[in-house]
Structure formats: structure tokens, C-alpha cells
């Protein structure tokens, strides 16, 4: 798996100009259009592999459309699919566990496409909310809104379109899922603004990312006329939801550790700032809670014992992340965040294997 690299702070256009004044243009010749073109097309934390695929696809478009299309795709994080995958894995956990088998194909398609739409919408509203913060942070100042390549109004229009498309997919399910989707939309919109008012935006993110779990259970179990709310959303659903909230708090805290110093200066809030020097210890406690929740999920779902190999593997990956963040270096914390992609995949594979053997 290709690991994104966080560039050193010295590798900036300003630093390059300072090192070689001959490369810097005189201030009186600078034009707004030139400044706009000079901004990086991709943020510093974009995935190199995904960026390459994106650029290859853009070359299929007329040249006049490429820059604008690229900006909107980057705004939706199409150059960084890891966030969508971190949302996709728990959604798939829920679909398989709710069905206790391979889920209905139409629901698998609806929820998979919905994950990518909602993640894209969440990224757009996040960058809209952070347009005051992103220009102050080295890693994020190249994002389209922060760099001035996409206007806030255009971002809001795009957010609305993505939310409408996602809601259109939900309408293909059942009434309970539609009702739950309204709460999910509220959580997705709330998260970006939480970092202004609370040190727990990572918990809000966990709830937003995890809300696909009760929606998946409702879509699988809640379509019948005589199906009660408790039957559609059993305790297993909420244990899975809480496990995801804890897990998301872990990986988003690791992510927030990358920007902790700059966030403090900018006045942003996060669990990484709240935990301070106790960050590794608290993350370790949360990791232990997540692993115990996975054990409880296996017990409540009566999964085959082979599932617990996945739990052990997930615990091992958590241990590896602890080793990565031991020095609290930016690149290491970012690598720990990315490692959670494998945690989600391992758990899903364990659920699939256990259900396949049982059947």
C-alpha cells in the first residue's frame, strides 16, 4: 500500500523563493490569476497513487475543462480515497452482520455508492467550514477553497447536489432508513463546525461515520410491516455503532496529531490537543475498548470462532500504530492513521469468513 508522505515545512513555495530569489517574480508583476495558478493542484497530503489515476482520467477531458474539474474532484477528496474506505468498512460490517450472510445486492450497491457520495459531501462542507483554518496549516493550505480556486458559494452548491444524490439513493430503501438518514445528514453537517466549539470533534466524526450502521440494519431488517424498531435495530447494531465511534476517535486523533501545533496556533480544537502528553495512553485505552467491543460483537452475533483471528489481527495492528506514534512525528502519526485502512478490512474479512463457514 502506498503511504502518503507529509512534506517538511521547509518545502514550501515561500521557502523555495527565499532560497533562490531569482526564481521569485517581482511583486508588482504578480496578478491574481497568476497567484491562483501557482497554488498546488493537490494538497500536500494527497495520495500519490490516487493522484496519478486522477490525472490520467483528467487527460481524457478537453484541456479547457481539466483545471476546474480537478479542483472540484480534489475538493471531494477523490485524490484521497482512504477516508471513504474508513467509512465503507463499518458500513459493510453492518450489512453482512444484519443479513447474517451476503447482503442483498441492491442494498450493497446503494450503500457503497452512498458512502462515496456522503464522504464527498462531508469533505466539501468540511473545507467550507475550515476556510478560515486551512490557509494557516501547511498540510491543508493547498486545498481548493483555501487556495482560492473554488469559491465558498460554489462549494455549498456542490454540497447540496451531493446530499440530494445521496438522499435519492436512500429513497430506494424503506421508511425507517429514510428517517435515520436525516439524522445522518445532520451529523455530517455538524462535524466540521464542532472543532470550533469542542475538543471532541473526533467523537462527532465517529458518530457521523458510524451512522451508516443503524441505517444498514434498518435497510436489511426494517422493511416489513410488522417489524418493530427493536427488531430492526437490535443491541448488536448499537454495539457495532459504539465500536465504530471509539475506532474513529482513535484514527482521527492520530490524524489530528499531525497538525496539533498549527491547530493550537490557529485556535482549532481536537482530541489530540485535549489529550496532550497523555495522548498515547488514552489512544491505547480506546484501542483496548475497540478490541473488546469486537469480541462482544462476535459473541452477540454468534460468529464462528474463525472471526477471532481477525480480532487478534486488528489488535496487532493497533499495537503497530502505538509503535508508530511513539515519537509523535508528523509522518509517523499520518502513517498510523492510514494503517487503520487495514484494521477495517481485516474485521470485514473476519466477519465474511465466519459467516461463510457457518453457512
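Just so it is clear, glycine is given a Cβ too, placed from its N, Cα and C backbone atoms.
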*asked:* Under TrEMBL, the annotation transmembrane segment belongs to which of these stretches: 179-199, 305-325?
replied: 305-325
*Candidates 82-99, 150-170, 203-220, 337-357; stretch with most C-beta pairs under 8 Å toward the transmembrane segment (232-251)*: 203-220
*Sequence-remote partners of the transmembrane segment (82-99) [C-beta within less than 8 Å, at least six residues beyond its ends]*: 47, 107-108, 111-112, 115-116, 118-120, 123, 209-210, 212-214, 216-217, 219-221, 236-237, 240, 244, 247-248, 251, 297, 301, 338, 340-341, 344-345, 347-348, 351-352, 355
*Cβ under 8 Å to the transmembrane segment (281-299), counting only same-chain residues 6 or more beyond its ends: which ones?*
97, 236, 239-240, 242-243, 246-247, 249-250, 253-254, 275, 307-308, 310-311, 314-315, 318, 321-322, 325, 347, 354
_What residues elsewhere in the chain lie close to the transmembrane segment (305-325), defined as a C-beta under 8 angstroms and at least 6 residues from its ends?_
250, 254, 257, 279-280, 283-284, 287, 290-291, 294-295, 298, 332-333, 335-336, 339-340, 342-343, 346-347, 349-351, 353-354, 357
